[in-house]
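Colleague: In case it's useful when we look at the structure, here is the feature table from TrEMBL:
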type    : residues                                       : note
BINDING : HIS116, ASP139, HIS141, ASP143, ASP243, ASP245 : Mn(2+) binding site
Amino acid sequence: MATHEESSVSRFLPNPKSLAIVGCPFSGGQPRPGVDEGPIHLVKAGLPQQLADLGWDVEFNGHHQFEDISASITSDEPIGLLKNPRRVSQVCHAVAQTVSGHAKRGKLPLTLGGDHSLAIGTISGTLEQYPDACVVWVDAHADINTPETTDTGNIHGMPVAFLLGLGSPVPEFSWIKPVLKPNRIVYIGLRDVDAGEKRILKENGIKAFSMHEVDKYGIGQVVKMALDHVNPKGDLPIHLSFDVDALDPTVAPSTGTPVRGGLTFREGHYICEAIYETGCLVALDIMEVNPSLANEEAVKQTVAVGCSLARSALGETLL
């Protein structure tokens, strides 16, 4: 029988609560340099200690080094339009094994990106340990293009399609078990969705709350509806994948694909706080902090927001 103290932290993680930071300095899913510096800045800003101060036992053994993978790939020609397909696939596979390894040991994996293609790895890793987990995907973009619908071939716009097994199979990604079901993912914050992606969301009955719904209902109601949809009995593990471009560029300017009209500082943090309160969070991604895309002040601001989103999702409260 779980004590009140245990259940207030997590229905799934043993006490004492422990997490493992998975630093992923990787930018291969998109064209802009610098997003690989995101995790390094987040850690330098003191995130491990901040989480320890919240009572977590924090494991961080340095950032992932993907040089071996890059060195082993002699040529990474596009496959159709897909850019860097072999490198993205192998890096995500390595990340999946790391995340599932931490999860199997009862730790909460906190993955710091890096670009959002990494979620192919993080969510695969979560589902390996928690096959019935659901995903809350907070983002300006749906990231659900298939090899057929992508205009750019940048794989950071495609991870959800790979996880759901949509589109024609790409042999290089055959390691992915598409065990995520369309009713187990919900989006919050969308506002820049390609025509092909809108069609995919409709055809697969995927629940998405765009900024229109956030404006109409308020963030409290949107988060409640999102969780009621994806975790109706409140008994499933939750993987929260948070792209900082979900926030308005005035809040998080230093990111690769900013879109105005986004979540406010408080709306972003409320999502994280509410998910922590469920006691169901088992994995967290903070993605797409790119310290090379703005002046020093804006970079500091974006890195600070990345850290505070992580703290909110891991139990920091306002009072």
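Note that Cβ sites are derived from N, Cα and C of the backbone, with glycine treated the same way.
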Colleague: Compute the mean position of the Cβ atoms of HIS116, ASP139, HIS141, ASP143, ASP243, ASP245, which form the recorded Mn(2+) site, and then list in sequence order the other residues of that chain whose Cβ is within 8 Å of it.
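Modeller: Checked against the 8 Å cutoff, the neighbours are TRP137, ALA140, ALA142, HIS156, ALA246, THR257, MET287, GLU288.
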Colleague: Using CB atoms and a 10 A radius, I'd like the single residue among the binding-site residues HIS116, HIS141 with the highest neighbour count.
Modeller: HIS116
Colleague: Counting only residues 6+ away in sequence within the same chain, which have a CB under 8 Å from the CB of ASP243 (Mn(2+) binding site)?
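Modeller: Result: HIS116, TRP137, VAL138, ASP139, ALA140, HIS141, ASP143, THR255, MET287, GLU288.
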Colleague: Relative to the Cβ position of ASP139 (Mn(2+) binding site), how many further Cβ atoms are located within 10 Å?
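Modeller: For ASP139 (Mn(2+) binding site), the count of other Cβ atoms within 10 Å is 28.
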